[in-house]
Amino acid sequence: MSIGITVVLRIRYNTLKRDLYWWKINLDEMQPIKNNLTKSTFSSGFYHMSKLFAYNQSATNATESSVASNGIYLYKGNMVRLNPLCDTNIHVTQSLLTEFDQIRDINHSNLQRVLGAMLEGDRKMIVTEYCHKGTLQEILMDTKYTLDSVFIFSILSDIVKALTFLNKHPLRVHGRLTSDVCMIDSRFSVKIACYGLPTIYDHIKLQNKNQSLEKDLLWVAPELLRHGGNPTPQGDVYSLAIIMSEMLTRDEPYSNDKESLTLKELVEKIKSYQDPPYRPTVSTTPELMTMESLMRKCWDEDPEKRPSLHSIHSIINKLMVNVNKSGGLVDNLLQRLEKYSSNLEKIVDEKVDELRQEKQKSEELLKQMLPA
């Protein structure tokens, strides 16, 4: 009898432990994708947390069997990205286990899934879905992409859907929203990253108060800059407004003032009580006036006067319906796919030409080395 009870208890214990450590991944479970296979095809660089997810060869003890130079792996048949943590002083605690449990079942089309983590030893990494196009900020800065009203409304709608989902989830808020955590996948859909897991993200920010991290303060609501405290849904709405300003200007926020003001001075101006409040300079086309008006409401100085995510979602839906009625949505999607295909062909041609030139140089060098 006692043996049977012991066996049952052991099974329950192992099941509970397996559930608590669902996120635990070993590096040998993944197959690295060589850089030369992805360099010309996929977006470059690690996302957002060049501040949080910074590849440091000495810190991660990298070897040939460690992290591939592009961070891209195959895991259970899917492409994933390994995001090495620049701060290795993170340990598994009960709080962290609870945080992982909170995000375990999050599966939303506009949220980048956290598939697991490696937090043992010196090599500490977060494993996430891989988004081929990089960040929204990279897309905005890339002139080869045409940002018409259809594209802008579609991107904005994706972000609002993700925030609305989080608002109804026990997490309630994102709290770190910038254009750098809005990832773009192969279908040009947004997947927001860096939600939840405050033990990891907030600890890293405290340990790495460098300029890259402080830049994120340009997206933080003034009331949170002044008084601190926990993130709020109203704060997320303010951050959304700053992203909207980037989409309308195709530039970083406060870009007009960055030559005359330091980052610290910019943040102090946002924190100060000015009339009118200090905000990015934005001017737009008539077809985007509704969006500009919504943006200004979203960054209202009084957080209680900012529209709710529900009302923002409703406004964006109406804009999307109007665009869809005109047939613009389908036409735009087809044009984007056609442009993307043409761009890939161009990249392939350029790489083939580079290879041909290198081969020719090698042959000429070899001829010079051979005896006459």
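Positions of Cβ are set from backbone N, Cα and C atoms, glycine also.
Where the annotation comes from TrEMBL, it is an automatic prediction and has not been curated.
TrEMBL assigns the feature coiled coil to residues 330-368, out of the candidate ranges 252-290, 330-368. The average pLDDT computed over the domain 'Protein kinase' (31-316) stands at 85.
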